[in-house]
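S.K.: One structure, pasted below without further comment.
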Amino acid sequence: MRTLRILAVGRIRTPFWQQAATHYMERIRHNCRLTETVVKDGGAALPPTARNADEGARLIAAMGPTDIVVCLDEHGRNMTSRDFAGFIERLTENATRTPCFVIGGAFGLDKSVLQRAEHKLALGPMTFPHEMARVVLLEQLYRADAILRGAPYHHD
């Protein structure tokens, strides 16, 4: 069974994104061990740079020594769903390390977090709200698992 981790800034507040995230987390957990760690948002009164630094420090503190840090970033690598499935398969070959997908807050990820990344992944060329990005990531993790299992979820 694959082990995956999501490390994100802030809880999902919008009800329909909460429902979608719960839906995919429940589906993923039938075949994968998935944990989610949520760190507190930076202070809303802080300027974006200070807020990112604050959130970045929390994210780094929550990272484990065996995490394979994969940051979601608009400048990251774009992949097809099949490529992403292969990427997940390669990352989970070593059972002593855990892929940890890191999602920033409203202003993205601090450079200190991006410097810790072993991989940077883009969900596409467009920018998404961080709540939506979390749901898209969850769906793609579920899809990748279905592809790797040969389940009839993904259609080319």
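Glycine too: its Cβ is placed from the backbone N, Cα and C atoms.
If you look up Swiss-Prot, you'll see LEU72, GLY104, LEU123, GLY124, PRO125, MET126, THR127, PHE128 marked as S-adenosyl-L-methionine binding site, on the strength of sequence analysis.
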S.K.: Highest Cβ count within 10 Å among the binding-site residues LEU72, LEU123, MET126: which residue is it?
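M.R.: Of the binding-site residues LEU72, LEU123, MET126, the most buried by Cβ count within 10 Å is LEU72.
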S.K.: When you look at LEU72, GLY104, LEU123, GLY124, PRO125, MET126, THR127, PHE128, which the record names as binding S-adenosyl-L-methionine, what is the longest CA to CA distance in angstrom?
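M.R.: Maximum Cα-Cα distance: 17 Å.
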S.K.: Count the other Cβ atoms sitting within 10 Å of the Cβ of THR127 (S-adenosyl-L-methionine binding site), across every protein chain shown.
M.R.: 12
S.K.: Using DSSP with the three-state reduction, classify LEU72 (S-adenosyl-L-methionine binding site) as helix, strand or coil.
M.R.: strand
S.K.: Look at each of the binding-site residues, GLY104, GLY124, PRO125, and point out the one with the fewest other Cβ atoms around it within 10 Å.
M.R.: PRO125
S.K.: Let's check the environment of PHE128 (S-adenosyl-L-methionine binding site): how many other CB atoms sit within 10 Å of its CB?
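M.R.: I count 16 other Cβ atoms within 10 Å of it.
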